[in-house]
Amino acid sequence: MRSPGEVVHKVNFTTPRNFTTSFKSDLKETFFPDDPFRQFKNEPPLRKAKKAAQYFFPVFEWLPKYNFRLFRYDLLSGITIASLAIPQGISYAKLANIPSIIGLYSSFVPPLVYTIFGSSKDLAVGTVAAASLLLSSIVGGVVSPKDDPTLYLHLIFTATFFTGVFQAALGLFRLGILVDFLSHSTITGFMGGTATIICLQQLKGMFGLTHFTSKTDVVSVMRAVFSQRHEWRWESAVVGLCFLVFLLFTRFLKKKKEKLFWVAAIAPMVTVVVGCVFAYLVHAEKHGIQIVGDLSKGLNPLSIKALNFDSRYLPSTIKAGIITGILALAEGIAVGRSFAIVKNDQVDGNKEMIAFGMMNIVGSFTSCYLTTGPFSKSAVNYNAGCKTAMSNVVMSVCLMLTLLFLAPLFKFTPLVALSAIIMSAMLGLIEYEKAYHFFKVDKFDFCICMAAFLGVIFISMDIGLLLSVGISVLRALLYVARPSTSKLGNLPSSTMYVDVEQYPSATEIQGILILQLGSPIYFANCTYIRERWQ
């Protein structure tokens, strides 16, 4: 019997869903939250086929509406990023310890593939420094690029193939959730540590050293630099310093005046051209300034037969492919989404994974190594006013003409000029202000950032990345296992229930404990919740 004046709190329970319905709903929420096939429903067969083609090949969505007015913008931005792709391609190929011409090949075929499969209008395809060094570190651990350069190059192609297969599989099975574990703090710390190591490694080129370590930790790199003091060439250091000052000055101009972005964009190309002329006129190699050497003329030769699946090297190539694949996806998707937000566009992460995967698979068949959407090149593409992915096609055409007619001219490029280009690009990736922001806002994020940074510079790149991801996963598990909880009470003269600690005037309901939980109740946190509020 209910006593007089007793308040009754009614709770409505709906009929529970059966297991099959609940399981299907959970799967859809996990893998298909955007319901990608909803646009195909209730459509006639012909229209359904057209929409399916546009969905799987985004080029068919924008190409029919393409016109000359859009092409003018894409032509300018394509030529601009091509001027950046040439020096970066040569530089990053040297960073991966592969022939410089491979870097140029990698800016010819993959952008064409991305144009067909990619959904971002602003992303510019190219090689990246971090992945180049990571590939060199992992593959170089089993085969020396000096002792057996042919086998080493074939393993690089094989690792690129595995990268493509892994990325495409993630996109097809809609497993982009894995990339989400690379938090912003992880990427910031990893890129900062990698940039630091890469800058220190460029001291080899700046001082004209011929002997150097293949390890990537800061202790080994600095030991290699100072143990070879007898090889230091002051001529090389002076030339390199001049190039570096010039490049940093152009970056300073860009920051001061955004409209002068094109100055920083063409600065690497100017550095290469001036370096070639200087090296040719003064016979730089006679003064201890090393040059790139012969670059063969012609388009990409097929490399599908060069893929090496020997069981002795398979673990290393698969490891290199997966780690660099995740890193390349994280950077490429983040870059595409960041520019899409500015333009109020949509970028489908799963489509991007398939696009990156396809361009790396095709690239591994055509003498290219790992490519993604580097931030520096994409930023130049965006600032140059690109309208569609056609800017990548323009860049590819420019690279094709370079490979057919101009490649041999770059053989005089001083290695010290390439070192200066890499150093100037890497200095912009050491975001100490962002790390300080993490420290002020969230100490746990700061710890994740520093774990990646210190792991990379003192141990190795892959260990640093895994350390940071491990801590990120641990943090996510802690949030679930120890969820934030608060006791709710009723605000007087209202139907609202609020946290009694935040609102002392709220009154608790006698005999009833009302909790607000930060995560669902399940086996990992049920004991904690019971002990916390019993």
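Our numbering is plain: 1 for the first residue shown, then up by one each step along the chain.
A Cβ is built for glycine as well, from the same backbone N, Cα and C atoms used for every other residue.
Listed features, source TrEMBL:
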DOMAIN    502-534  domain 'STAS'
TRANSMEM  96-117  transmembrane segment
TRANSMEM  124-145  transmembrane segment
TRANSMEM  151-173  transmembrane segment
TRANSMEM  232-253  transmembrane segment
TRANSMEM  260-282  transmembrane segment
TRANSMEM  320-342  transmembrane segment
TRANSMEM  354-372  transmembrane segment
TRANSMEM  392-410  transmembrane segment
TRANSMEM  415-432  transmembrane segment
TRANSMEM  452-478  transmembrane segment
For the domain 'STAS' (502-534), the number of residues DSSP places in helix, strand and coil: 8 helix, 4 strand, 21 coil
Candidates 96-117, 124-145, 260-282, 354-372, 452-478; stretch with most C-beta pairs under 8 Å toward the transmembrane segment (392-410): 96-117
Positions whose Cβ lies under 8 angstroms from the transmembrane segment (354-372), at least six residues beyond its ends: 93, 96, 98, 102, 105-111, 113-114, 116-119, 125-128, 131-132, 135, 156-161, 163-172, 300-304, 307, 324-325, 328-329, 331-332
Cβ pairs under 8 Å between the transmembrane segment (320-342) and the transmembrane segment (151-173), at least three: yes
Remote residues contacting the transmembrane segment (96-117) - C-beta distance under 8 A, at least 6 residues beyond either end: 57-59, 82, 85-86, 88-90, 123-127, 132-133, 135-136, 140, 145, 152-153, 156, 292-293, 295-296, 299-300, 351, 354-356, 358-360, 362-363, 366-371, 389-390, 392-393, 395-396, 399-400, 402-403, 407, 410, 413
PLDDT averaged over every residue in the domain 'STAS' (502-534): 85
Long-range environment of the transmembrane segment (260-282) - Cβ separation under 8 angstroms, sequence gap at least 6: 80-81, 83-84, 86-88, 90-91, 239, 243, 246-247, 250-251, 253-254, 289, 291, 379-380, 383-384, 409-410, 412-414, 416-418, 420-421, 424
Chain residues in Cβ proximity to the transmembrane segment (124-145) (below 8 Å; excluding those fewer than six residues from its ends, i.e. six or more beyond): 81, 85, 88-89, 92-93, 95-98, 103, 106-107, 110-111, 114, 151-153, 155-156, 159, 190-191, 194-195, 197-198, 201, 214-216, 312-313, 316-317, 319-320, 323-324, 327-328, 331, 359, 369-374, 377-378, 380-381, 386, 391-392, 395, 422, 425-426, 460-462
